[in-house]
């Protein structure tokens, strides 16, 4: 056997060691395969080692989507670079000539595309409205929920052929800790609940402050003639009940899983449950509606008297409920004899999303009304505010990072807590780095353009009569002024704005 033949044989995949403990693949040696070169009898290269790649042949067109994407990315990069340079120039070179920060639409756009200004906005931890400071815990709730999702995906997204000793997975599944990690699906309900809560709270706040009226005139007129808050609550409750019932009916008729059980031997059940239940909006309507109701209640009736025993009871009930939701699928991970026809499976499939949301709703209610205690302190940590703002971008990026990592593996990886945890931490850091880039080049500039084009309509101009009044002392009072004193103009806040600033929202 020649050296080249030995090299090819050594680089090729073969029957893997550990076959009896679940090692089902051997990837060979990627670099050694590419380094293999075979020469003919004349000393010329005959062939070399290659790897297979699928290519798509597009029609011979001078204007393709790929070029459009490149032009778009290049344009955004140029705009951000130019805005950053202009911002730095305004901060340094022109700082001596300007006593105040320049204002205007052009300057707002420049600051909105600047890396420096956007980073300052990202790192700002205090809310623009001091009345909203008690809602800072939302940032912690959003950050921890997003990292929980990443943890679950880091353990679930793996290539079986590139995993050594798959029997380790069976052993890990029998541990309750794996259930806490893998069953991260209820965190999606937390995101939807937060969305409904903030939408409801901010709409009430905008209507009460009467700003940007042109967009809210139809809603204000409708609210003028239909002053029945209980109708909205009734509709939200009805939508929650219908959503839960419909989810249970669909699961029962199609024999789906009570939750997404990734260890089932028949993958079609897992895929069907994910595609037809988990990814569909009707299953999550209840979580959003509960958030809308709580956001409205927190704004209009922020103070509610609850005795200490009642608060302790609510904390215990919420904790027990959410732990039950997370740990209930543990027996289904190991025992596949379950069926949606069983009452407990059908009940879980129908109600576990609403039950989880109710537990989170109590946490939000307690923190928003000053009853959060140490939980409020943990969720309101200022360092979590910037991370929370990047959580959406990190959520979008982390699956792509995991897939790229999985598809570029050159060796088998052991499936252990230590290996997966270290991989998870690396994925989280890479995801938030990508999210920061998305924030600078996409999210912040788009928000600036949206605010510039739509935010000024219907709202008073800065320095205009609606935002600044002048109080002038009558001339008759000039006679009673002490010697050496003078009159001056004083800014006055309009009554509506004063009422808005003095009113505590929480």
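Cβ atoms are placed via backbone N, Cα and C, with glycine included.
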Annotated stretch (transmembrane segment, per TrEMBL) among the listed ranges 141-158, 159-176, 303-320: 141-158
TrEMBL annotation (transmembrane segment) - matching range among 282-300, 453-471, 472-490: 282-300
Which range of 71-94, 95-118 is transmembrane segment, per TrEMBL: 71-94
Which range of 264-281, 390-407 is transmembrane segment, per TrEMBL: 390-407
Whether the transmembrane segment (353-378) meets the transmembrane segment (178-203): three or more C-beta pairs under 8 angstroms: yes
Recorded stretch that, among 141-158, 178-203, 282-300, 390-407, 422-442, has the most CB pairs under 8 Å to the transmembrane segment (230-253): 282-300
Beyond the flanks of the transmembrane segment (390-407) by 6 or more, those residues with Cβ under 8 Å of it: 122, 142-143, 145-146, 149-150, 153-154, 157-159, 162, 423, 427-428, 430-432, 434-436, 438-439, 443
Long-range Cβ neighbours of the transmembrane segment (178-203) (under 8 Å; 6 or more residues past either end): 135, 138, 141-142, 145-146, 148-149, 151-153, 155-156, 172, 219, 259-260, 262, 278, 284, 287-296, 298-299, 322, 325-327, 329-330, 333, 352-353, 356-357, 360-361, 364
